[in-house]
């Protein structure tokens, strides 16, 4: 039968991509249906119980700046918060939160159920309704037909999913959930290029069987960070420690002894796994010179004894898993509550997508998340938000929008995927962005919230908070420029103590803040209003003032790179001598010998960051010249 109501947007899948896609479309006023095989698993954290990290928190903050749910849910569920790279520059600082699985899932479900214009329905999707070369709806497992203007597929690991534990395997979308076989078969009949990827998860451990006294405690940060621009520490539940232990040579012997029954090393698994989140058997094999690897013991939540041992993801047989866990210090008597496993699934070449994440072959059909070859909750959420937003724009017959590489990490993610494709699960890093000083996690709202408001994704309360912050930054910056400290005054003497050098002329507070020795905290000793400035305003001002020169140069670089795209590359250029290029990129450039920067940028695997390095190298050797027409 046909469902009595038609929709503007149908989202298939209720994971991190699907929930953000459905919420984005509904926020924009589109009648949206979220179709999930199980309402109880909406927003489920299928793998590690954490949000954020290097490169990933930048995506979370951008999703938040555009009105998404992930950061707010993390603030409601986060049981430990840390800022990674806190001693490094602001471009690479990243917030990471350990999350209570149950609280996170509950927060997402509450947000979904209270979102206007959003309908949730429990049924697996088996087929797509087609009208010519466009999708026009979805057919469920029981034959129910839902009609819509657009469809967003966020199927995660469910398409043709196969779970492996040792040499045993069975069909599954994840442990305890059935795979999507009929839909996978239907998509394979379409002209998309399909491949197989794999990911894995470690065995879960009962905390009551672990000796934490021999492990290193890893507390959260004080003061406690927040993830959302609308969040606060008051939202956080009780905070807890994580712990660190290590594998040892005995562990590695056990793993090597089980390799003959590893589905990865016996050819049973054909899919490629994530390079930057390898299984423990992969680590032991690839890094045979190391006699130990860190294992982070992470609590799964406040109301459970289960632990997530981050660092020993495995698909080895269960008897080997048992031995390797028991060989690790502090886990000699550990009880495994769930075995580790690998899952292999279909993905589709993201080069078959537009920047909007609409497919090139089927109109009004959008892909987001692991179906595009990415790995990670944060990467999925970012794609989901973009796909849901563009599906709504398509339904409203409006022009699609996607951020440029210099506007957002979301732009970097999408551009990387559709330009270069991927042969392994794609993970975001700050190193993938050539404009990372502009794309900090702390300024995601200043970069994107105004655009989000224009697109209809920002509610009045978030807009009010954003405008107040932006105005406060402008006011305080102007005030710092207007307050001067004259030499030979009491404030000048105080400033000299802080700077460890005399002031020989007058300085504004703004000028003093530019000095590397002067921090916001020190500046507050010279001016009471500085001390009273809210943290989020002070943070922006300190970064903007101290890094103004670098930021201006990066802005100029963006403009220059556009102008210099057709610059000629010398035929005798020695790519092996260019510092910063990976060996893979050096090899490709040497083989192809591109004539111009533009041609170099189109070589698969040559990143925009590498093109920027080429441009810098050419300037240094003074060999920049335009290719004649």
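Cβ coordinates are placed from backbone N, Cα and C, and glycine is handled just like the others.
The FAD binding site annotation in Swiss-Prot covers 13, 14, 15, 16, 17, 18 and is backed by sequence analysis. The NAD(+) binding site feature in Swiss-Prot is assigned to 273-287.
Shown on the structure are the features that Swiss-Prot records.
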| residue | record | Cβ contacts under 8 Å, 6 or more apart |
| --- | --- | --- |
| 13 | FAD binding site | 35, 36, 153, 154, 155, 156, 158, 369 |
| 14 | FAD binding site | 22, 34, 36, 38, 39, 41, 42, 43, 120 |
| 15 | FAD binding site | 43, 44, 46, 154, 156, 369, 380 |
| 16 | FAD binding site | 43, 70, 369, 377, 378, 380, 381, 384 |
| 17 | FAD binding site | 154, 156, 368, 369, 370, 380, 381, 383, 384, 387 |
| 18 | FAD binding site | 11, 12, 34, 36, 152, 154, 368, 369, 384 |
| 273 | NAD(+) binding site | 197, 198, 199, 200, 264, 279, 282, 342, 424, 425 |
| 275 | NAD(+) binding site | 424, 425, 427 |
| 277 | NAD(+) binding site | 199, 313, 375, 425, 427 |
| 283 | NAD(+) binding site | 290, 293 |
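DSSP gives residue 17 (FAD binding site) a helix state. Proximity of residue 285 (NAD(+) binding site) to non-local residues of its own chain (separation of 6 or more, Cβ distance below 8 Å) is seen for 259, 265, given in sequence order. For residue 281 (NAD(+) binding site), applying a Cβ distance below 8 Å and a minimum sequence separation of six or more within one chain yields 255, 258, 259, 262, 264, 265, 314, 315, 316. Counting every protein chain shown, 26 other Cβ atoms lie within 10 Å of the Cβ of residue 279 (NAD(+) binding site).
Under the DSSP three-state reduction, residue 275 (NAD(+) binding site) is assigned to coil, being neither helix nor strand. Using a 10 Å radius centred on the Cβ of residue 287 (NAD(+) binding site) and all shown protein chains, the other Cβ atoms total 12. In the three-state DSSP reading, residue 287 (NAD(+) binding site) counts as coil.
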